[in-house]
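Below is one structure, written out as structure tokens; the observations come after it.
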């Protein structure tokens, strides 16, 4: 779909919105889509959305075991800031593309527009499926993690006699998924008001944990710098990998936390001044999450307890969460459980925003006939002006991996592992296309307000994040402990490869019949509120 240079496709006599929203809608129509959402997200709500999708304290809490129990405390600290710095280049590169293509299709739509015509349908199809399935797996795995976080608190409160079963975890998970589906069925104005407060809970909880841990840990029991930052804190517990690989496994936490950057792009059709607000929110959230997350990790390690007990005897503790156990050890059971409530709320907000973003992606893909549904899920409800069909499709599909845990936890974890690798690959494809087809005659890249340029800065950020993501995909593919068994095997690469192969076969066999790349919907008058029939045209 080629971007039109004309902004005259909006019928000014039928626009009943402010000049500001009118400018947003003109830009959307220039991209080939009619305005179907109400722009209710303010700058604060958009920034809060971008922060909330990463989770910060809750995401660190659910992934803290991995670096601590594989590479040791120093791996927690140094891998976070290393990964965060490079994630900043990825987030910035994504923000540039989002600024140029502020549609709810996000990087999926951008990918197809940044490739020559003969490849647009194939590229759009691949990126669309990687992005959608990665997002659904992300929603499901985060909700499953939230269920475990809640039961971990119950375990701490009830004591050693409490028995946690798969049925309890899955039952709570399914209930939470349905509840999030109900919340996401609200109109955009309600979602925006609700989302605006998420960032204060997120950041407030993080700083509160930092302050309370420092206040309750005697200076004599804090670890020395050599343990927090030096070689004394490198503890290889992988069972066979060399120390270098064990240390690099610490990157898994930051990469899992700082992902889903493009979620803000998927609500861009609901955002005021989307070309400015969406990329700015991504930029601010990536910097904030990286720096504040590093501080939280440092304090957690600093206050984690006597060296001899850190990993082998004391952590992760009866709850299975090293993060929660450190809080219990320092704050006492009551204090830790009180602070654990807003940590769980932060995880709740992650799922809330992630499900909203996922539903908008499904909506955009269906709108372009990417699903074999004849556009059924690419329609908005007349009652809420939101894609309720896409919301509930995303909700019910998101429940399935969790239900799989009842039969095979290994299979469920294999599906969950799709999240980071699939999403990261879907991110670097449009960035790669942006560079290699820069001078192609069929590509018309019109930079948005957030623009890195084509000089040293732009090229450095783009190429660094591409090569880093490919490197991280290798780390994501490695089994974290040796020897490898069917229970600890890492299936991430196999699942992601399976998605690529199966989606490609589907496209060859049937997908090409109904999907031809992103398509303008200006010709469809059933929902057209801001354009006149004479202006409708197919920009594909």
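Any Cβ shown, glycine's included, is placed from N, Cα and C.
Given the structure is predicted, the values throughout are model-derived calculations rather than measurements.
Noted in TrEMBL for the protein shown:
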COMPBIAS  522-540  compositional bias 'Basic and acidic residues'
REGION    519-540  region 'Disordered'
TRANSMEM  44-63  transmembrane segment
TRANSMEM  75-102  transmembrane segment
TRANSMEM  123-142  transmembrane segment
TRANSMEM  162-183  transmembrane segment
TRANSMEM  195-215  transmembrane segment
TRANSMEM  227-252  transmembrane segment
TRANSMEM  282-311  transmembrane segment
TRANSMEM  331-351  transmembrane segment
TRANSMEM  410-433  transmembrane segment
TRANSMEM  454-478  transmembrane segment
TRANSMEM  490-509  transmembrane segment
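With pairs at least 6 apart in sequence, the transmembrane segment (490-509) and the transmembrane segment (123-142) have 3 or more Cβ pairs within the 8 Å limit; the two touch. Against the transmembrane segment (195-215), stretch 44-63 shows more Cβ pairs under 8 Å than any other of 44-63, 75-102, 227-252, 454-478, 490-509.
Here the transmembrane segment (75-102) touches the transmembrane segment (410-433). Their Cβ atoms form 3 or more pairs under 8 Å, with each pair 6 or more residues apart.
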